[in-house]
Structures are given as structure tokens and as C-alpha cells.
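Look at TrEMBL and you will find C:12-34, C:46-67, C:88-107, C:131-152 tagged as transmembrane segment. The annotation domain 'Tripartite ATP-independent periplasmic transporters DctQ component' is assigned in TrEMBL to C:26-151.
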Amino acid sequence: EEVTLRAITFTPAQVIYAQHFQTFVDMVNERGKGVVQIQIIGGPEAIPPLRLGEAQQNGVADIFNLPAGLYLNMVPEGEAFSGSNHTPMENRANGALDYINDIFAEKANAHIIAHVDGGNGFHLFLTKKPNMTAEGTVDLSEFRVRTAPLQRAFVENLGAINVTQSPTEVYTSLERGIVDGTAYTIVGMRDFNWDKFVKYRVDPGFFQTDVLISLNLDVWNGLSDEAKAILNEVGEDYEQISYDTMAEATASEDKALRDEGIEVISLEGEARQTYLKAAYATSWDRLKSRDATHYDKLRELFFTPIE
Amino acid sequence: MDWTVSLAILVGGLLFAMGIGLPVALAFFAVNVIGVYVFMGGSRGIDQMLSNATTAVSTYSLAPVPLFLVMGSLFFYSGLARRVLDAIDLLIGRLPGRLSYLTVTSGTVFAALSGSSLANTGMLGALMVPEMVNRGYKKHMALGPILGSGGLAVIIPPSTLAVLLGSLARIDIGALLVAGLIPGLVLAVFYAGLIYAQTKLDPEAAPFYEVEAMPLSRRLWVFTRDVMPMAIIIAAVVGSILTGIATPTESGALGVFAVGFLALAFRALDWKAIEKAVTEAARVTGMTFLLITASSTFAQLLAFSGASSGLVRWATGMEMGPTQMLLVMLLILFVLGMFMDQVSMMLITLPVFVPLAASLHFDMVWWGLIMLLMLEVSFTTPPFGLLLFVMQGVAPPGTSLTEVARAALPYMLCVFLLIALLIVFPPLATWLPENM
Amino acid sequence: MSMLITAVDLISRFLFLLAILITAALVFIVTYDVGARNLGLTPPNWAVNTVEYGMLHITFLALPWLVRTRGHVCVELVLTYLPARARTAWELALHAISALICFYLAYRSGLSLADTIAKGSYEVRSFDMPMWMLFASMPAGFLLGGLQFVAFPLRGDSFFAGAAAEKGGL
Ligand code: NA
Ligand code: NA
């Protein structure tokens, strides 16, 4: 008998992540005819993003398009996804996904079927030119940078004053010079129109977006083997597809931003490694400080040390 | 369950619970509890609802509400408001309804400072209403201009709602903000015309009283002594925003200190005034935030049950021409606006509206501005109109909701007139952004 | 009985006093945040989120005293058209329903509070906030609010009477 899963997304329907999720849903609905179907019932207007982890745990809905970073309170280990310097496909192949799935099952009553939109890193976007340090990395003292909690510690290590703001405030803040920059993905800069004020971008990017497709564990366990197989199969295919689409979107946005005259400050050689090392360290240290039980194993599976 | 049934249960239940006279916030909660049982699967749904409720007002974008309320009440209770209004009375002289005009003018100025309608209304309400009622103004002459100009905050930049609309609908945010400027001023002029008509029709509404005739030198002195120093407040609030010292969200706090400083300079600051001001601000904040908490969980339930998206898809699924389609969109916003807040409305409608508007080849900046105006209207449409509640909270005791809503009505009609004007003459919105 | 009512009033007043203090604190925290940022000092990383949580608590701490002082808005449509006798009965029923809603929400949010304490869960914004701190004021606010609705008829007064006397004719 055909089951219909009710899905919730963490962004409004017209944002790229929800649109990508729609593609996944279409694929499942195509391949799962007669077995499993997905119906999207809403986004942040239905459940506030900060409470999606709970909704998944309760089973208020069945399947979720939901970043691990939104429920680190439940599963601090979820930070391994954003702190990973592997592709999601690599993490699937080397057993990292299976390993962390046990943790998600225990702590969040959830089962992850895919880490989607991977490889999409964060960059510093600045309105004025930063000085360079003796080691060749950027010196952000005298800078006020808006960050999400995830990037905060790193940006502070670079000397910047961290400013916490919701994305809707950033436009006015960049315009008026309340902040001198923000850390964000390349995709999305133009949607928020922040590109109007930003003049410089620092490469390389660090971390990656941690958007998962996951189900309430009871719902997952209650599915037929056939339904599970279809979801797993589409999940695996879609992980790669969304990785590629995201890379294409990033490339075209990158070109658009460069065409607008945004200058890329690219760190090379040792400076680049130092920069990346510092960035990833803040993420992994935080994971460890919250719950060290699985730290070593997760780090081994999700992360290749930077030399 | 079909969306019509969900919609009927939720909206019907709410109208019933409000209609029998339950406090509005509790009416929402009662329907939420029942709705959660039906749509979210019983007990776990209640936990989810209460957990969702903790996120409703714990968002920084609401910070201007308490901040500007403290600022407005301090201005009033320290006696500064009386001093300034006395001076303005003397200066403007015999113009009937002068305080109503003054309210629209200061409302427009504050709209250009703050991005929050709630904060605007709260502050102006605390500032102007008690004084105006003291001076014998009928309530609608005091409440109306504030409700009207409270909404101006949404279209005159800066505007949080415009930024959110721009990023959700992929409209050039800068253009959208700039586009609101001329229509905002036109609207302010409409408001002034409305006050003129109201005082003509009913001279008693804003009682005329004799003010002493004064030589010019004396007027200049009064202006310098009592009005000029207010520039300090303007400088603290506007100046801090323009120079990048503070965001519009934060500027209210600096405004509080500016008012405090000024009151101190005029020897008008005492503990009693401070205590009263903060108490008043806490009272109105508590009342408003409980309503926001209750109504936002209701809006989530409308979305979760499929009721709101069903309504939107049904109405927009009809085959119609561009203008009719635009009117359908406005009608949907109007209906939803009777029951929910602006952010929820945007999240629910935009996924359907944006592609629709694009397929009809609307100028997106023009269209976005019209959407914003309609969102502005929903602030004052009963039964759920946040500005109505805030206004009732700061109005003199004994002011009924019906009274407040009635005062808002003509101002709402002004907005409709402006929308009509924009449909007939789009350059009103598009000219400025295209030529900047 | 009257002693109990006095106690309820006292606690309600105390909760409202906390709401007032939080409101005042918001002004200082935001100013401190703006000041530190502009003076090039490290702005407090707790400022924004503390303001957010402060606003959450104002909501529920002010609730009971707002009931006591008739500060919650109502649509007084039906009440004004009822004859006096029916109106009295109707108001009594409204007190009962309002109190029940408040008690139910107090009970359920109390369970949530107990659950968050037991689990030790927290919320991640700029800093990690224990989840029970988010729920702390909700059960108290609803419980005292409900008691205030009960107290009105016991005092021979009515929450909805304000509407009758002052608002009726308007
Ligand atoms: Na504004
Ligand atoms: Na409304």
C-alpha cells in the first residue's frame, strides 16, 4: 500500500534549498509510485526553524529538509557535517554517515538519508580592504563582521568584532556601515542584495552547508523495505545531483559577483592552510566541548587533517 | 482533510471565541489547543505549540517595541510632551486640528527613522493621545492619524518588512525601499486632507480654543526654548541611524537617553516619571507580545493544516487578466490579514504570488510596493490588527477596540486610494528608483 | 479567602515588577552593545540574545497583572447587546473559560518546563541557553493569570465589567 510522507522545509518555498528539496520530492514521487510519496506541507511559516528538531523528534511531520546546525542542542555531533572537508559522497562511502546516523537515532529520534547541497562553503565578504598579516592571512582588527553563531569564534580569531544580526538587518547594516562585512555562502549574496555594498571576498571558503534530508525514526522504521530502498536510492542519487547543481549555482553566482566588480582576495600556500586550520578548529573544538564521546571517531571519519 | 474544512474550523473557531468576548489572546490560545489536537496529532502537538511559542517574540526585530515605548512614555510623563505641544499650539495658532496635523507630520518623520510600525504606533500613541484627549480632541482625531502614520513606517525607508519582502520575492531591495518614498509622502498628504475634511465636517472634533496672540520675537523665543532642543532627540535617533552608529532596531535605546538627558536639562526628570514610563512600556509590551505569541502559533497552524496555502492556490488558480489577478492577490492579503501577522502572510503567499506576478509581467518593484501597502492595511483590520491592540493599550482607559478600528477606517481608505492611484499611474512608484 | 486573593495579587505584582526591571534592562543592554561596538571595544556577545530572551519573559511575567488591571484586549461585541441579567451570567462563564484556558496552558507548559530540566536541553543562539530558562516564566504567568480570573468574581468584580461601564456607550 502506498504511504504518503508529510514534509517540512526550513526555508520558504522559493529559496534555493527548498527548491532543491522539491526536486528530490519529485524524484521520489516518480520512482515511488504505488509505494511511497512525499507531500510538502510547508516551511518556516508552519514550524519555526529553531523548533524543527523537536518537530522531527515528536513526529509532528514525517520527513524534513533540515540543517543539522538548527538542532545542535539535541545533537551537538551534527556539527561534523559543516566541519567536514569531505564531500557528502565521500562521507557516505567511508561509513561516516552510517556512524553518525546511530547518534541521530539515539539523540534526535531521526534517520538521515542524505546530506544535500554539499560542498557549499562560507566566505568572508567585506566592504573595505583588509590588511594582511605577516603570515599572509587577513587581519580583521578594525572590522565589524556580522556572522551566524557557527562562524563567530573564527571571525573573532581574525581580530574582528563580531556582530550578531538576523539576515533581514544585514542590508541596512552594510549600507550604513554598521558592519563592514558578513560571512556567507556565495549563493545567496545576490538574493539578499548584499552584493551592492560588498567589495571584497576572501577565498578559500570554509565549512560547508549542512542541509540534511531526514525522517522521524519511528516513521522510518515503520516503512516497508521497498519504501526504504526507494528513499535510500533517491537520497544517494540526489546527494550527488544537488552537489553538482550547487557547484554550478556557485560558479554562476561567482561569475556574476566578479562581473559586478567584487574583488577576490585569495589566500595561497601556507597562509591558506593556516586560515583553514583555524576555521575548522573552532568548529571541532566546539563539538568536543559539548560532547566529547564520539569526537575522535567523528573527526577521523569526517575530516582530513590540514597540513 | 480538505483545506476548506481546516479553514472553517480554525477561522470559525477563532471568530466564535473572540465574538463571545474572551480576551483576544486567550481566544487564540483556545483555538490553537483545539487545532493542534486535530492537525498536529494530539498531545505531542501541544508540546510543539508551546515550544514554538517561545520563539515568537524572542526575536531581535521586536526590540524597537519596548525601546520606543519607553522613549514615548518618558517623553510624556516627564512633561516634555506637554511643553513641546504647548509651544507648537502657540506657534501654529488658530489652525483647527493642528495636533492631528502635527501627529501626521511627526509620524512621517518617525516613519523615516524606524522600520517598525508597532514601535511607531506605540511611541506616538504614548506621546500624543493622552495630551490630545486632555485638550478635548475627539478620540478618532487623536487615534486615527497615529494608526495611519504607524503604517507609513512600512513603506517609507528604512523598513524591515520591505527588506524581508525584497529578499523573499527577489526584488531589488534598494529599489523597493526607494520606491516607497514618494507614495509614502503622497499618503501623508492624503492623511492631511482627511484631517482637513474631518475638522470641516465636525468642528467639535478638534475643539478650537483661543490662544494668545504673540509678537514674532516672543514666538521665536518660545520656539528656541521649547522646540529646538527636541532636535537632540531627533539627532540621537535619526543621526545614529544615518551615521551608522546604530541600526534602526537599536536606535530607540539611544532615544531613551536623549529624552532623559533633555528632561534632566529642563529639570523635568524625576523618579516618578521614570517609573511610570517604564511601567507603562512594560504593560503595553506584555499585552502586545502575548498577542503576537498567540497569533503566530495560530498562523503556524493555518499553514500546517494546509488551510492558508489551499486558499491561496484556489484563489490564484482562476483564469483572469492581470488587473483582476492583482486584485485577487490584494483580496487574499486582506482576508489573511484579518487573522495573521505580516511575516506569516508573506511566507504563505509569496511562493505562489511571485511566479504569478512574474508571469503577468508586472514590474516587480511596483508590485512589491503594492503588496507592502496591503500588508500595511492588515495592521489595522479587525478582528486581529496588531496596531489596533497596541493603540488600545496606550489609549486612555475606556477606549474600546471598536472605537480604535473606526478611527483607523478612513486612513485605511486613504491607502486603498493610493493603491488605486498606483495601478492607474505606476510611475508614482517606479520613477524614483529608475532615476537614481 | 481574601488572604489568598491578596497573596495572588502580591505575587502578580512581583512578577510584573520583574517585567518592568527587564524592560529597563533592555534599554541599558542595547545602549551598552551600541556603545561598545562604536568605541571599538568587544561588544558583549550575549547582548542580542539576552534582549530576545528578556522580551520573551516580559510577555508572561506581565500576564497576571494585566489580567488584574484589565489590560488584555477583548472584542466586547456580544456583551454590550446582552440584557443585564444575562450579561452577569455570561461574564461569569467567561471568567471560568478564561481561567480554564490559563490553567491548562500552565499545566502543559509546566510539563514542558519539567521535561527540559530533566533532559538538560539547551538552545543554540550566540551562546547556549538552557531550555528551561525559556520556559521558566510561562507556567507561572498562566497559573497566576488563571487565578486572577478566578479572583474577579470572588471579589464581586468582573474583568469584563470595565468594558460595560466605560466602553458600553461608545
Ligand atoms: Na520606515
Ligand atoms: Na489585521
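Even glycines carry a Cβ here, placed using N, Cα and C.
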If I count Cβ-Cβ pairs under 8 A between the transmembrane segment (C:88-107) and each of C:12-34, C:46-67, C:131-152, which range comes out on top?
C:131-152
On the 0 to 100 scale, where does the mean pLDDT of the domain 'Tripartite ATP-independent periplasmic transporters DctQ component' (C:26-151) fall?
92
State the non-local partners of the transmembrane segment (C:131-152) in its own chain: residues 6+ outside its ends, Cβ under 8 Å from one of its Cβ atoms.
5, 8-9, 11-12, 15, 53, 56-57, 59-64, 66-68, 95-96, 98-103, 105-107, 109-110, 112-113, 116-117, 119, 121-123, 158-159
DSSP says what for the domain 'Tripartite ATP-independent periplasmic transporters DctQ component' (C:26-151): how many helix, strand, coil residues?
95 helix, 7 strand, 24 coil
